[in-house]
Amino acid sequence: MEPLDLTCDLTSLNGKSAFITGGASGLGLATARKWAEAGVYITIADIQPPTSPVQPGLAHCFHYVYCDVTSWESQVAAFKSALRFSPSGALDIVACFAGTALAPGNQIDHVLAAGVPSLEVDPPRPSSSVRNIEVNLVGSYFTSWLGLYYLRIPGTGTDPELPSNKCLLFCASIAAYMDSPKASTYPASKFGVRGLFRSTRSQTKQLGVRCNLLAPWFFDSPLIAPIKHAMAARGVDMAKVLTFTSIDACVDAATYCVASPEIHGRALAVQPEGTFDLKDDLEDGWGGNQLRPIMQRRRDAGFDV
């Protein structure tokens with residue numbers, strides 16, 4: 001299984017407008033910078049402003065708007081702000097990158113922690129663990145719904161005779177393709193994003209929108225900082241145990257998805273050894289044929305689910 005050649009023509013991105021949730025840090029911010037260098041006008045929709053300054057000379061390409069992805073009203077307002085910022089009055093790319101860190105603990109762990117079952121005392125409602133589902137899945141559903149709604153607005157000077165090359169990009173995780181017995185809500189949310197992608201991709205072309213999904217392996221970002229620090233406190237180097245992929249590789253995969261007009265309906269696994277098409281289709285066992293060698297390499301490297 002050979003990795004994909006992610007070479008693509010970045011000139012096709014010049015002058016386009018993108019809406020990126022979770023664009024203030026991590027993968028979202030790194031992607032925003034890469035696309036801005038290619039001439040894309042970026043709206044960063046996040047609950048916080050960018051964590052570091054944008055590139056000198058490219059400030060005019062960036063627009064920040066507060067956005068809580070779990071709130072429909074907040075997302076609607078953010079999309080409207082992005083459309084007002086876009087020089088063409090339209091959006092070309094929507095990237096659902098907002099996410100929360102893995103909430104530790106299997107559902108069984110959480111149930112046992114609630115104590116002995118009783119009819120006298122109600123069990124506590126899960127809070128922090130459910131946040132994974134609220135942000136990662138519900139947030140992605142809202143973003144993709146509104147993205148497909150607002151991507152239909154034509155830009156000024158758009159030739160209706162030319163084919164549209166707009167793009168909706170989901171971000172799941174390799175956790176959407178494997179068992180995760182040490183956590184429940186994070187993989188559940190990512191499996192949900194994968195399901196949303198698979199149920200959506202066959203229909204988006206009728207709106208002139210391509211639809212793709214990223215399924216990255218672990219990479220060093222603010223989201224995994226709590227886990228990284230907890231493992232370090234136990235004397236475990238997370239980077240060595242997991243063999244991080246690079247955030248640059250994830251950015252390259254995202255760029256390949258939006259800049260390549262022939263790429264549609266593909267789920268890309270970003271691994272330390274390269275980026276692979278998971279072939280998440282019926283003909284290829286819904287990704288299983290590709291996933292087996294991918295996970296075997298991770299086990300050979302010392303990863304234990």
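Note that Cβ sites are derived from N, Cα and C of the backbone, with glycine treated the same way.
Annotation comment: Swiss-Prot describes TYR186 as active site, proton acceptor, evidence class sequence analysis. On its own chain, TYR186 (active site, proton acceptor) has ALA101, LEU102, ALA103, ASN132, ASN136, SER173, ALA175, SER180 as residues at least 6 apart in sequence with a Cβ closer than 8 Å to its own Cβ.
Annotation comment: Swiss-Prot describes LYS190 as active site, lowers pKa of active site Tyr, evidence class similarity to another entry. With a 10 A radius on its CB, LYS190 (active site, lowers pKa of active site Tyr) counts 28 other CB atoms from all the protein chains.
The feature NADP(+) binding site is assigned by Swiss-Prot to SER25, LEU27, GLN48, ASP68, TYR186, LYS190, SER221. DSSP assigns LYS190 (active site, lowers pKa of active site Tyr) to a helical segment in the three-state reduction.
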Residue among binding-site residues SER25, GLN48, SER221 with least C-beta crowding, 10 angstrom cut-off: GLN48
Under 8 Å by Cβ from LEU27 (NADP(+) binding site), same chain, sequence gap 6 or more: PHE97, CYS171, PRO216, PHE219, SER221, ILE247, CYS250, VAL251, ALA254
Span of SER25, LEU27, GLN48, ASP68, TYR186, LYS190, SER221 around NADP(+) - largest C-alpha separation, Å: 23
Inter-residue Cα distance where the pair is SER25 (NADP(+) binding site) and LYS190 (active site, lowers pKa of active site Tyr), in Å: 19
